[in-house]
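Here is what Swiss-Prot records for this protein:
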- LYS18, SER177, ASP178, THR218, GLY219, GLY220, MET221, ALA222, SER223, LYS224: ATP binding site (BINDING)
- SER58, ASP145, ASN157: substrate binding site (BINDING)
- 280-358: domain 'PUA' (DOMAIN)
Amino acid sequence: MRSPHRDAIRTARGLVVKVGTTALTTPSGMFDAGRLAGLAEAVERRMKAGSDVVIVSSGAIAAGIEPLGLSRRPKDLATKQAAASVGQVALVNSWSAAFARYGRTVGQVLLTAHDISMRVQHTNAQRTLDRLRALHAVAIVNENDTVATNEIRFGDNDRLSALVAHLVGADALVLLSDIDGLYDCDPRKTADATFIPEVSGPADLDGVVAGRSSHLGTGGMASKVSAALLAADAGVPVLLAPAADAATALADASVGTVFAARPARLSARRFWVRYAAEATGALTLDAGAVRAVVRQRRSLLAAGITAVSGRFCGGDVVELRAPDAAMVARGVVAYDASELATMVGRSTSELPGELRRPVVHADDLVAVSAKQAKQV
C-alpha cells in the first residue's frame with residue numbers, strides 16, 4: 001500500500017514509536033525480553049537510516065508480575081503500582097541491554113498526565129527529550145505508574161505517545177500493538193469485518209465499533225483511535241500497525257492503518273491548550289458569544305458569559321461551553337474565578353479599567369468541534 005500519507009511516515013526524520021504491553025508479552029502474559037529485543041532491532045534499522053526515534057514503552061506492570069510471584073495482572077491500584085515499581089527496572093534494563101548491542105545508550109523518562117498538563121513541567125520534559133536526542137541517546141518514555149492514580153488507566157500510553165509526538169516535534173507516530181490495523185468492527189468476533197487502510201479524519205470513523213482493552217494492557221482500539229486522531233489533528237501522521245510486522249512498519253509503512261495529518265501543525269502553545277492542559281473550570285456562553293468564538297475566532301468578552309464554574313486562577317485553562325453545556329472551545333482565562341463571577345454578562349464599558357481585557361484572548365483560544373470534543 002502506497003499513499004502520500006504513508007510516504008510521510010516512511011520518510012519521517014523524527015519518529016515516536018509506541019510499544020504496547022501485548023507487544024512485549026508472551027501469549028501466557030509473561031514479559032518477553034526476546035520480543036523487546038526484536039523491536040529494538042527494528043528501531044535500530046530505522047535509526048541507521050537516519051531517523052531520530054523516541055520510544056514510548058508500556059509493559060512495566062506486566063514485567064513486574066513474575067518477579068513478585070503474581071499469577072495474573074493485579075486489579076487493585078496498590079499492587080499495580082508495586083508491580084510497576086519492580087517491572088519498570090526490568091523494562092528499562094531490557095531496553096538498555098537490547099540497544100547496547102548497537103552501541104547505543106538509553107535514557108528513562110517517566111511522566112504523568114499532570115506533568116504534561118502543567119506548562120513548566122511540560123516545557124522541562126520537552127527540553128529533556130530534545131537533549132537526549134541531541135546526545136544520541138534513545139529516550140524510553142513511560143507513564144510513572146507508581147505515583148499515578150486514575151492515570152494508571154490512561155490508555156496503555158496511547159494518549160501519552162500522541163502528546164510526546166507533538167512535544168518533541170516528531171514528523172510521525174507509529175503505534176505498535178497486537179492488532180494489524182483498524183476495522184469497522186472487531187475482526188475476532190465478526191468474520192466479515194472490513195479493514196480500513198486509511199483515515200483522513202473523524203468523519204471516516206462514523207459507524208466504526210472500537211474494541212475494548214486486552215487482558216494485559218489497558219489500551220483498547222478506542223484508546224488507539226483516540227490517540228491517533230489527537231496526533232493527526234495536531235499535524236502528526238500516525239501508523240497503527242502490528243508489532244509482529246514492526247520491521248516492515250518502520251521500514252516502509254506498508255502495513256496497518258494510516259491516519260492522515262491535518263495540513264497545518266498546531267503551535268506548541270495551542271496544542272498545550274487544546275490537548276495537554278487540564279481544564280480547571282468552565283465558562284458557559286450565550287449563543288452570540290459561541291458564534292464569535294467558534295466561527296469568527298474572536299476574543300471572549302465578559303458580556304457573552306452567562307455562568308462561571310470551577311475554581312481557577314488567571315492563566316489557567318478553562319472549557320468554553322455552549323448554552324446546552326457542549327464544549328465548543330478551550331482557552332487560557334485572564335481572570336480568577338471569583339473575579340470573573342462579578343463580571344458575568346457585563347459589557348466592557350460597564351467594567352473598571354483593570355477588568356476591560358478580554359476574558360480569553362483570541363490568541364489563547366482553540367475551538368473544538370463536536371467530534372473533537374470526544375477526544376479530550
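Cβ coordinates come from backbone N, Cα and C, glycine included.
Note that the structure is a prediction, hence the values are computed from the model and not measured.
For ASP145 (substrate binding site), the spatially nearest entry among the binding-site residues ASP178, MET221, SER223 is SER223, judged by CA separation. In this structure, the binding-site residues ASP145, ASP178 were compared by how many other Cβ atoms lie within 10 Å of their Cβ, and the smallest count belongs to ASP178. Under the DSSP three-state reduction, LYS18 (ATP binding site) is assigned to strand. Considering other CB atoms within 10 Å as the measure, the emptiest surroundings among the binding-site residues ASN157, SER223 are those of SER223. The maximum pairwise C-alpha distance among SER58, ASP145, ASN157, the residues recorded as binding substrate, is 11 Å. With a 10 A radius on its CB, SER58 (substrate binding site) counts 31 other CB atoms from all the protein chains. In the three-state DSSP scheme, MET221 (ATP binding site) is classed as helix. Over the domain 'PUA' (280-358), the average per-residue pLDDT in this prediction is 96.
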